[in-house]
Amino acid sequence: FCSTSLKVTNVRSQNRTMHFVTEFILLGFHGQRKMQNFFFSLILVLYLLTLLGNGAIVYAVKWDRRLHTPMYILLGNFAFLEIWYASSTVPNMLVNILSETKTISFSGCFLQFYFFFSLGTTECFFLSVMAYDRYLAICRPLHYPSIMTGKFCVTLICVCWVSGFLCYPVPIVLISQLPFCGPNIIDHIVCDPGPLLALACVSAPSTELICYTFNSMIIFGPFLSILGSYTMVLRAVLRVPSGAGRTKAFSTCGSHLMVVSLFYGTLMVMYVSPTSGNPAGNTIVSLVYSAGTPFLNPLIYSLRNKDMKNALKKVLGLITS
């Protein structure tokens, strides 16, 4: 099965033939056809609900004037990002489950790698900016309107998008230039740098170091920023004399903290924990942060925010009417 799917390009040099891979096999989910069908149905439902939920948030923020504030503008952009984040891998994942060969072209694999990791990086930056917004609103409420102006908010959004897509070209170019001469089997559901580096015909410690450095900076940089923002928020909230005030402040930040915990929890299990080399575990964790978190985020925000809940009711009412 695997040998018949291996497409190679032959290059003759000094009476020696080198075989270069032109496509990869993404093994995806293991198990019998019934289990494959279960995963297909589950992922398809999650993806459709992700498009519906995040699309409703984008629509609500755009058309409800009461939500034209920095917090909700950031949330609307975050929901828009989640749609594309899920779309960078899930459609191919669904096709892969139904496919007999489970192949993806060399260029297709690296394109998926680029967009998936760039959008994930953009999400890290957005979570950091959203935490900063909550810090300003709670710790510096009198200065908040003068600092978080509409222009400054748009600038932060642009910085998140642009910087997110500028982080990974260097690692991707370095990995794509490595010789891949077989095997071409990736025991994963997405094109990930770890399995790709393992398939290279030569060891590339400098490239691995660069990728590890990029991943560490992208994961821990925004995470430490979020941690710092919420440490200041917690200190400010604990100084609030009334219990009602503390409850309101915690309620405002609760949904964002849940999203941060869900996203960074799965990210660190995947790329930082000692068990990150376990293929079976990686498949489940990858499914959670690539398809699960984009689905859960609109639920978390809509259930814990009264203004967003009311706006979504109006949006869904318009859709169903």
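Here the Cβ of each residue, glycine as well, is placed from N, Cα and C on the backbone.
Remember, it's a predicted structure, so these values are computed and weren't measured experimentally.
Per TrEMBL, domain 'G-protein coupled receptors family 1 profile' is recorded for 53-301.
Taken from TrEMBL, the feature transmembrane segment covers 38-60 (among others).
As annotated by TrEMBL, transmembrane segment applies to 72-90 (among others).
Residues 71, 74-75, 77-78, 81-82, 84-85, 88-89, 92, 104, 156-157, 159-161, 163-165, 167-169, 172, 175-176, 190-193, 196, 218-219, 221-223, 225-226, 229-230, 256, 259-260, 263-264, 267, 290 of the same chain, all 6+ positions outside the transmembrane segment (110-132), place their C-beta atoms under 8 angstroms from a C-beta of that stretch. Here TrEMBL flags 110-132 (among others) as transmembrane segment.
According to TrEMBL, the transmembrane segment annotation covers 152-174 (among others).
As annotated by TrEMBL, transmembrane segment applies to 217-238 (among others).
Residues or ranges marked as transmembrane segment by TrEMBL: 250-272 (among others). If one looks beyond the transmembrane segment (250-272) by at least 6 residues along the same chain, the residues whose Cβ comes under 8 Å of a Cβ in the stretch are 120, 123, 127, 130-131, 134, 137-138, 215, 219, 223, 226, 230, 233, 237, 281-282, 285-286, 288-289, 292-293, 296-297, 300-301, 303-305.
Listed by sequence, the residues of this chain that lie at least six past the ends of the transmembrane segment (284-303) yet keep a Cβ under 8 A from its Cβ atoms are 43, 46-47, 49-50, 53-54, 56-57, 75, 78-79, 82-83, 85-86, 89-90, 93, 116, 188-190, 192, 255, 258-259, 262-263, 266-267, 269-270, 309, 312. Per TrEMBL, transmembrane segment is recorded for 284-303 (among others).
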> What average pLDDT does the predicted model assign to the domain 'G-protein coupled receptors family 1 profile' (53-301)?
Replying inline: 87
>> Can you tell me which parts of the same chain pack against the transmembrane segment (38-60), counting only residues 6+ beyond its ends and a CB-CB cutoff under 8 A?
In response: 29, 67, 75-76, 79-80, 82-83, 86, 90-91, 93-94, 97-98, 287, 291-292, 294-295, 297-299, 301-302, 308, 311-312, 314-316, 319
